[in-house]
Ligand code: 8ZB
């Protein structure tokens, strides 16, 4: 199949489907027409796209945790706890690492080991191994929509099983679940895998079932310049809509400077709408997702609550439709259900207190928005130019050329030349532009802001600043200053 942004032809989809559904025995539980009928019977309160549309109209920010364990009844107990004791507005099912790598045999081993030891030996819920009926038990046990969250380069079977299983939202995308997660998978391959997932969602849509799709916004974490993650989000939005997706949540990971974070939340849906329209796609529903701090966390739980709260503030003031919540156990690993619920309660307290407040549209905020818009457009226009109008082809070439370059990504298909650093206010700027297609004015802006930090710290801007920024939060700070 030649790479193109165009909708997959039905023959190609059917051919792949045979292969996908026979990769593990539970694939044969998938009966598309029956699954459509099942999805149609779900009450509106359990349909993510419907609930997000409601939240967007009301201007509220919903809170969603991450959570997943190996066994079905324990997973249900966990989700119920987060709903009832944490007040989660939306629920996840985080998938384990074996499943993310299509290693279903090893996931099966993890299930059996968990059964015999009596605690979860997997870092998530192995939905493919458990199968369609088990997913339905999960969905039927709670009162709010449930989303699949993972990090899978090839999620075709996972999507088939979980969507037939009644999940109404599927996270991930061809770039966002490849470049930050895999070392050796070509972008061209993941674009094709994810076109299958998006086409599947498109088929549900054509049969009257709306499934929400959410590209993974934060990429590698807290030092990704907003224009880079926005460019990836818009590309994945275009690729999804081309396959028939009608409901999208676009994500952004907290950088830590409030004005920059709010500017990023304001501009993300505007850019997606702009490029969808420019490329002639139909209008779709777009909501935003804000990720609380995706970097290192303090071990001290009291300090962790501070980090969590600051993320809740940015999500609320930026009017994100949803915030993905961290827990006081973030520095330690997978949280207990109590710690997970505590992170939710902290977040909801802040969201409730700020629900009627917005950040005033100051000159500074407008300037941040203007810079993010300009930078993202320069990247996206170059992607389209490289692809001769085709976003899929352009994306592959853009990664080759370093026109899109994700800092700190493990993928060998990412050039890895750019270096971000914080300015003196903690906003993420670019120290080394690598091959980003930015003009003089943008480069001067970044350089000037980083130079100001250098003057404040009495040192020349250098790679040391980048290192200091990475370790700063562990020392209780946002900006990595010399001598704390
Ligand atoms: C890219 C996402 C990383 C975040 C959390 C990590 C981290 C991963 C689970 C989970 C609760 C799980 N995470 N797996 N949280 N239950 N099974 O995702 O702690 O914050």
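Glycine too: its Cβ is placed from the backbone N, Cα and C atoms.
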For the adenosylcob(III)alamin site that TrEMBL gives as 68, 123, 180, 326, 330, 334, the extra residue out of 167, 170, 297 is 297
66, 149, 150, 171, 177, 181 show up in TrEMBL as binding L-glutamate; which entry in 100, 119, 210 does that record put in the same site? 100
Chain-internal residues, separated by at least six, CB under 8 A from residue 297 (adenosylcob(III)alamin binding site): 304, 307, 326, 330, 331, 473, 474
For residue 177 (L-glutamate binding site), name the DSSP secondary structure in the helix/strand/coil scheme. coil
Candidate binding-site residues 68, 123, 180, 334, pick with smallest Cα gap to residue 149 (L-glutamate binding site): 68
Span of the recorded adenosylcob(III)alamin site, as the biggest CA-CA distance among 68, 123, 180, 297, 326, 330, 334 in Å, is 21
Three-class DSSP secondary structure - residue 150 (L-glutamate binding site): coil
Which one is it: of the binding-site residues 149, 326, which Cβ has the fewest other Cβ atoms within 10 Å in this structure? 149
Using a 10 Å radius around each Cβ and counting other Cβ atoms from all shown chains, which of the binding-site residues 100, 150 yields the largest count? 150
